[in-house]
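Here is the structure we will look at, set down as structure tokens.
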Amino acid sequence: MSRKRTVVLISGRGSNMTALIAAASDPSYPAEIVGVISDRANAAGLGIAQSRGIATKVVQRADHPSKDAYDAAVDAALAGFGADIVALAGYMRILGRGLVEKWQGRMVNIHPALLPAFKGLDTHARAIRAGVRIHGCSVHFVTPEMDDGPIIAQAAVPVMVGDNEDTLAARVLKVEHRLYPLALGLVAEGKASMEKGHTVLAHFADDADNASSVVMAPDPLREETDLEQLARITP
Ligand code: GRF
């Protein structure tokens, strides 16, 4: 099986990108990371990618006269890398409809919330304000509407008493780093595909590992002490 050539789009830290690069360093992983594109020249992730021997390219909005011209430059960079799949990982721009539709079914994103809840920014602060007991992250196919595409896989974490935005973000980020490689793997293997606006998952009956990868709940959720925390029992 040929590995799917995957390009990661970032804007900053690049910890999810790093998790994808690490997963793809296993030759049996169905995707290889062939390039990283950033819209910011100072994105920390660029240095990490380079240190792992991955080619990088900066495509900045300010260097292009219009949004369409910017999108065309991103598309040209993707073509330059020979991309089969595009993985957005902390990429802070909304790509235009034309580009997204061209890549539909082959472009995925990770969002730090259990979609369709908490689309957009500041998801962890909003989850705490809303008082949800369970939060998490989602990997989804990208469609023109922001954070709206069909869900491929999700991971849940508890919201603990005393959590603040940072502690909750850190707990979610940890599972992001496990979920994204799993979800990209499913897409690269053709086990998750987008059809008529929905995610179609291949039959997993003979593949127990993948069957459990579409939803992940960390062990603490199964422990009674944490369930008490979840319920926020007050004396
Ligand atoms: C992650 O929380 C991701 O879900 C969101 O932006 C953050 C990017 O972090 N889209 P990193 O750059 O992958 O470290």
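From the backbone N, Cα and C atoms, a Cβ is placed for every residue, glycine too.
Copied over from TrEMBL, here are the features:
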- 4-184: domain 'Formyl transferase N-terminal' (DOMAIN)
- Gly14, Ser15, Asn16: N(1)-(5-phospho-beta-D-ribosyl)glycinamide binding site (BINDING)
- Lys67, Met92, Arg93, Ile94, Leu95, Asn109: (6R)-10-formyltetrahydrofolate binding site (BINDING)
- His111: active site, proton donor (ACT_SITE)
- Asp147: site 'Raises pKa of active site His' (SITE)
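Known features from TrEMBL, placed on the structure.
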| residue | record | DSSP (3 states) |
| --- | --- | --- |
| Gly14 | N(1)-(5-phospho-beta-D-ribosyl)glycinamide binding site | coil |
| Lys67 | (6R)-10-formyltetrahydrofolate binding site | helix |
| Met92 | (6R)-10-formyltetrahydrofolate binding site | coil |
| His111 | active site, proton donor | strand |
| Asp147 | site 'Raises pKa of active site His' | coil |
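The recorded positions recorded for this entry are Gly14, Ser15, Asn16, His111, Asp147, and the Cα of Asp147 lies nearest to that of Lys67 ((6R)-10-formyltetrahydrofolate binding site). For Ile94 ((6R)-10-formyltetrahydrofolate binding site) paired with Asp147 (site 'Raises pKa of active site His'), the C-alpha to C-alpha distance reads 10 Å.
In terms of Cα distance, the binding-site residues that sit within 10 Å of Asp147 (site 'Raises pKa of active site His') are Asn109, chosen from Asn16, Met92, Asn109. Sequence-distant neighbours of Ser15 (N(1)-(5-phospho-beta-D-ribosyl)glycinamide binding site) (same chain, six or more apart, CB under 8 Å from its CB) are Gly45, Gly90, Leu173, Glu176, His177, listed in sequence order. In this structure the C-alpha atoms belonging to Arg93 ((6R)-10-formyltetrahydrofolate binding site) and the residue listed as 'active site, proton donor' are separated by 13 Å. Annotation for Asn109 ((6R)-10-formyltetrahydrofolate binding site): same-chain Cβ neighbours under 8 Å, separated by at least 6 residues, are Ala87, Leu88, Ala89, Tyr91, Val139, His140, Val142, Asp147, Gly149.
Listed in sequence order, the residues of the same chain lying 6 or more apart from His111 (active site, proton donor) and placing their CB within less than 8 Å of its CB are Lys119, Thr123, Cys137, Ser138, Val139, His140, Asp147. Around Leu95 ((6R)-10-formyltetrahydrofolate binding site), the same-chain residues at least 6 positions away in sequence with a Cβ under 8 Å from its Cβ are Asp71, Val74, Val142.
Counting only same-chain residues six or more apart in sequence, the Cβ atoms lying under 8 angstroms from the Cβ of Asn16 (N(1)-(5-phospho-beta-D-ribosyl)glycinamide binding site) belong to Ala89, Gly90, Ile110, Glu176, His177, Tyr180. In sequence order, Val36, Ala43, Ala44, Gly45, Leu46, Ile48, Ala49, Ala89, Gly90 are the residues near Gly14 (N(1)-(5-phospho-beta-D-ribosyl)glycinamide binding site), counting only same-chain partners six or more apart with C-beta under 8 A.
Screening the binding-site residues Lys67, Met92, Arg93, Ile94, Leu95 for a C-beta under 6 A from any atom of ligand 1 leaves none.
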